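Per TrEMBL, the features are:
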DOMAIN    1-36  domain 'EF-hand'
DOMAIN    47-82  domain 'EF-hand'
DOMAIN    93-128  domain 'EF-hand'
DOMAIN    140-175  domain 'EF-hand'
Amino acid sequence: MLVELKACFMEAYDDNQDGKIDIRELAQLLPMEENFLLLFRFDNPLESSVEFMKIWREYDTDGSGYIEADELKNFLRDLLKEAKKINDVSEDKLIEYTDTMLQVFDSNKDGRLQLSEMAKLLPVKENFLCRQVFKGATKLTKDDIERVFSLYDRDNNGSIENEELKGFLKDLLELVKKDYDAQDLLEFEETILQGLEYSSEGKISRKQLTMILLALAKHNQEEEPATP
């Protein structure tokens, strides 16, 4: 009976027939406002993970490394205002929207969103580090490195620091870990920076970024033959 139910469900909602329910298909199951909240962000992705980390810092008001229900509620309120969908939404409605978004994105069901869960609710246009050039398929050029540097150096001050650095490390971490939280990011940052003989200034220079990207491309190139 369950198998039949699943088949009916997939037939009704799996529009592209890939055997999975993606965000757009999932949105059809939600009430109108929740549907809108989901698709507005999906249709208007952030430019980069630097913007993501700035938003994360803004809404993780207690600095716990998680977006708790109240913080998520504030985010959704601002999101509705940004989309000019609604100026004044009742507290009860906001709680209802928050509960729905937690049900959809809180994969480990701990009642809050960790970094990787929030990243699904607040997608970025592209993780530039997923491009073929960093998979060892082609030779990494100076222009490639320059493009990556300018992507993360948002204030053009010649170094990657603060949210720029965290955004870069988030993209790097996503290459090796699907589910991650703020503690994973912190430990990953320490590991990466130790390998760079990192100074205490909290910045990455062009030279240091080049070292990381070359190591990434080399690592992926070495792993390539092992892939069937």
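In case you wondered, yes, glycine gets a Cβ from its N, Cα and C as well.
TrEMBL labels come from automatic prediction, so no person has curated them.
Since the structure is predicted, the reported quantities are computational estimates derived from the model, not experimental observations.
The domain 'EF-hand' (93-128) scores a mean pLDDT of 91 in the predicted structure. Secondary structure of the domain 'EF-hand' (140-175) per DSSP (helix as H, G, I; strand as E, B; remaining residues coil): 23 helix, 2 strand, 11 coil. Residue counts for the domain 'EF-hand' (93-128) under DSSP, split into helix (H, G, I), strand (E, B) and coil, are 21 helix, 3 strand, 12 coil.
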